[in-house]
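So that you can see what the record holds, here are the features copied from TrEMBL:
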DOMAIN    B:35-107  domain 'Phosphoribosyl-AMP cyclohydrolase'
BINDING   B:D82, B:D84, B:D86  Mg(2+) binding site
BINDING   B:C83, B:C99, B:C106  Zn(2+) binding site
2 protein chains.
Amino acid sequence: MTSDLDPAIAARLKRSPDGLIPAIAQQYDTGEVLMLGWMDDEALHRTLTTGRCTYWSRSRREYWVKGDTSGHVQHVRSVALDCDADTLLVKVDQVGAACHTGARTCFDADVLPLGQ
Amino acid sequence: MTSDLDPAIAARLKRSPDGLIPAIAQQYDTGEVLMLGWMDDEALHRTLTTGRCTYWSRSRREYWVKGDTSGHVQHVRSVALDCDADTLLVKVDQVGAACHTGARTCFDADVLPLGQ
């Protein structure tokens, strides 16, 4: 779809074949990695301009403002593009749990065994 | 390709259409997000069993042991799968710079403007 994203930014993005870029959400002060979501140009535009993290849901095929349903809002503190312009790091202030399971982060529950 | 990854783990992974999973590398003590790479089953197996982060290079189409060329090794401290089993968080002890540009992380150089 068309997007209001700044064309100077859009021109630099390297998207996956489905037009998306992975976005890592990190708690700005503690450094916790909270979750990984996906953004297209418009989701990035909304994230940069509204102060609220907006993702593209690959399963529901719709925009998804984090916290609109759960109340677990992500207030945007900064957004950085990586050296290859194919990954975003979004530093946020996470209200409540980032994970839909109620865990603080999506990575809390399932640590894999090393050395096997 | 075939992999020696534990079948119990392999059965749970939700891979992208190209068979890969994004892997976030985070410095284990400072919390810095260093980079995002991609792993297939065998790269994950090698990461879990060798103590060194191994990725799949999408551009070169080969396995890539971080630091083999640069010396900027990532020693694996823990590996966690997220709640959807489609993203990995690898906590590492990064030797030197994580980024090929010489920056500590791949997200240091390009902060996007907010509110435009």
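Note that Cβ sites are derived from N, Cα and C of the backbone, with glycine treated the same way.
No curator has checked TrEMBL annotations; they are predicted automatically.
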Could you tally the C-beta atoms, other than its own, that fall within 10 angstroms of the C-beta of B:C83 (Zn(2+) binding site)?
18
Which one of the binding-site residues (B:C99, B:C106) has its C-beta surrounded by the most other C-beta atoms within 10 angstroms?
B:C106
If you average the pLDDT over the domain 'Phosphoribosyl-AMP cyclohydrolase' (B:35-107), what number do you get?
97
How big is the Cα-to-Cα gap, in Å, between B:C99 (Zn(2+) binding site) and B:D84 (Mg(2+) binding site)?
28
DSSP composition of the domain 'Phosphoribosyl-AMP cyclohydrolase' (B:35-107), residue counts helix/strand/coil, works out to 10 helix, 29 strand, 34 coil
Round to a whole number and give the Cα-to-Cα distance in Å for the pair B:D84 (Mg(2+) binding site) and B:C106 (Zn(2+) binding site).
25
Residues near B:D86 (Mg(2+) binding site) by Cβ (under 8 Å) yet at least 6 apart in sequence within the same chain, in sequence order, are B:L13, B:K14, B:R15, B:S16, B:I21, B:P22
Give the residue from the binding-site residues B:D82, B:D84 that has the most other Cβ atoms within 10 Å of its Cβ, counting over every protein chain displayed.
B:D82
Rounded Cα-Cα span from B:C106 (Zn(2+) binding site) to B:D82 (Mg(2+) binding site), Å
22
